[in-house]
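Copied over from TrEMBL:
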type	residues	note
REPEAT	B:16-52	repeat 'WD'
REPEAT	B:66-98	repeat 'WD'
REPEAT	B:110-151	repeat 'WD'
REPEAT	B:155-186	repeat 'WD'
REPEAT	B:205-237	repeat 'WD'
REPEAT	B:310-352	repeat 'WD'
């Protein structure tokens, strides 16, 4: 894409093995199955990094433990770790996470996306931008940005 | 404010559906002479919709303003005359629409902002328009004859995008709030005839600690409320202190109090009603109501929450707007794509009789609306429905009435009456010269009511004795006329006599 990558040599980790969903304890097929950490992680793990052919999972930008979910309160918080402190792609990654969850979760869900504390030079600014829905709405009307987000999300629709 | 002492209840009157994306903002038409009452809504679906109350009392979409804005329409505002509608869009333009007899036409497009326009506001006289946006600027436009708009000033000062602009209700002061967490006040300075920032309220001056999303003034203009991503509402004293010259009084607005611990997520909208009620809408899907607390007015004024409506919408509440004419009517807009019309009413004053042992006598009035059209033309049947009868509850000291019944809000009546085991006595105030007998009825709620409320109709003095006592308490009023009504004048005469129906609720000793 651009001349000179922001992080030319990211550390690539192994993908976690896919666990099968926990076997439901009740055999009632109409029983409510709450959305859990694993399900959220499955939604976002395959998102492609905006500048590398690796997934967010492979770059440890998101891990299962970085996801908090409370299905009763319809609340999710994803904390992601940019690969380097000055990563200008942090807002794009955050936008990808938000869009993916927006499209995957029921509309009752409230989603907060934030950078892990201490992992980004302009942490507060990135967090504020990612959680300002007016800015997110405006960004998602920008065709170039939408194209970028869509290409990052493509591997997640497997 | 007497009516606010009791418990309040927010009743959903109607849900307006039509937008295909989140609804961002709402504006009630001021409904001055010759302009019908309207609600404008704007949305991420790039359209503006106009909603009007139809003859049946329900709100219907009467126009869709589309194919002008190419991106989200973020904000809309009616001019004080109600004739022009301004809409601000992420496409960088502000469009001016005029009602051209039957449809709305776009009569002007204001270009200038670098990118997204986020808010638009008319000043009190309608001579100036302000816009603001992501380019951190505030623009002031002057309205020239022939729908020409000239930019008279571009105000710079905010360091981040400007979320909302709003004019003071009586003076030419403009307030802007921003993503940079500050509130700025702008005024025209005498010397060079240009606009300047005359006050900046930041965190250091008790201001907000995150994005300020919206502001609203009370009707007198001596108080302002702001709401923020920091989950608080702040009240500001915007009055002129006696020690100040009027040219200076906008330079030192004082922080009066902070309402915190109520909303759980970003507060997007706040609006102060003419009656002094503050409504706020937030990303926690709830609408809350606040008013000034009279209890401890010794030193600092304080505000208390009167009511919280959880799950007012399925998703974030983006806008709350009080109707300018009917002070208890509120509209809200949400990410769920719907608009809701709400009515705030008091529910408890009957059950809170001061002396519970005595009967509680209150007066309610029934107003006759549009009786003529139905009465006139009665030819064959003797029983005719006299238009739509609105039943309102009012206390002698109250300045306004709480509508209890209309075809748009039958639920109100149900809730109102089922909370009060009582005998309903009806006193028609008119002489029954035309043998009109009120039969109180409704179609929906008889089952609910019958078991709990007795009914007795008292014959007014001067009547001719024909009084029907219906078996069931039903609401709406029918009149039986013993003869045909031949002319418009006759019908008008009847209507004039059908002024007030007094209802007395007598508490049933428990």
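Using the three backbone atoms N, Cα and C, a Cβ is placed for every residue, glycine included.
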Seminar exercise, completed: Among B:16-52, B:66-98, B:205-237, B:310-352, the most Cβ pairs under 8 Å with the repeat 'WD' (B:155-186) come from B:205-237
Seminar exercise, completed: Beyond a gap of at least 6 residues from its ends, the CB atoms lying under 8 Å from the repeat 'WD' (B:16-52) belong to 59-66, 69-78, 80-83, 85, 87, 89, 97, 99, 104, 315-316, 318-325, 331-341
For this session: Express the predicted model's confidence over the repeat 'WD' (B:205-237) as a mean pLDDT, rounded to an integer.
Result: 96
